[in-house]
Amino acid sequence: MNTIRTCNQSKITEFLLVGFSTTHPLKVLLFSICLVIYIMILSVNFIFIALYLRSLHLRSPMYFFLSNLSATDILLSTSVGPNLLCTLLKDGNPMSVSACVTQHFVSGFFTGVECLLLTIMAYDRYLAICKPLHYVIIMTNKHCLHLVIWCCLEIVLCMLPVTITISKSGFCGCNTLDYIYCDIAPLLKMLCSDVFVLERLITFITIPVALIPFLFIVTTYIIISLSIFRISSNTGRKKAFSTCSSHLTVVSMYYGIIITKYIVPSKGPSLNMNKVISLIYTSVTPLFNPIIYSFRNEEIWKALNKWVSIRVIK
């Protein structure tokens, strides 16, 4: 199917997603790498979810939130990955405006949900270490479920005004979208109407979705650190630190990539760098999250060994 690049003043009805502007052999290499990474993301995260569902000793709030994080990682990478693979195989991938706006909403939704899940997990660690006597009373199954539902509802309420405004504004000019997926930055450049109000709205939404959770996590871990230093036994300190180190690593990686993504300009010479950062966030981070959490976790390895043993016997 031949897709035509057009540049005129009429409203755009279809985008041409460019992906990476490079040679065909390099696109084939990128396709192979992205395909392997996507398969690994699905495999590793599905295994993590299966371990949680099959292992009774993992039925705790921490692993409940981790399984939800794995599900979010699967859905985030799936919202971008398959379409990116198609784009790499072809000289531009056509997408209708509605499909592009939908991809923007879905990828933004799961990005926001992941941010709030990491915040809830910091809250969970705070209660477990600083308020151990109240932990079982507060973190009931019902309360944990309500927290996850709250995450989803908050992000939907934050995403809807932006998505509806973008849909009503329409897109004008060239139909070429020089990016790896329908992200907010390249879409804003193609809107027919003035983007001043929309940019202010996005900035306002960033406060409850990213800034406040980040400040909450930082404050929480300052309090946790002070509590850990007050623990008398070395064994107790090591155990408390080990339960937090994995989460801190994932949080640092998450916010580090997000901040870098929005610092690096999505135009001019820095465009390809911005694309690579987006690729790392949507394809590499979802792969490493479960690996980081599992690396030094004896309970997960115990559940995995038991599951593998059962499969071998069968």
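For all residues, glycine too, the Cβ spot is worked out from N, Cα and C.
Listed ranges 2-22, 65-85; the one TrEMBL annotates as transmembrane segment is 65-85. Two recorded stretches are said to be in contact when at least 3 C-beta pairs lie under 8 angstroms, sequence spacing 6 or more; the transmembrane segment (65-85) and the transmembrane segment (201-229) fall short of this definition. Panel annotation: around the transmembrane segment (28-53), residues 20, 22, 59, 63-64, 66-67, 70-71, 73-74, 77, 81-82, 84-85, 88-89, 279, 283-284, 286-287, 289-291, 293-294, 300, 303-304, 307 of the same chain, lying at least six beyond its termini, place a Cβ under 8 Å from a Cβ of the stretch. When each of 144-166, 201-229, 276-295 is scored by its Cβ pairs under 8 Å to the transmembrane segment (241-264), the top-ranked stretch turns out to be 276-295.
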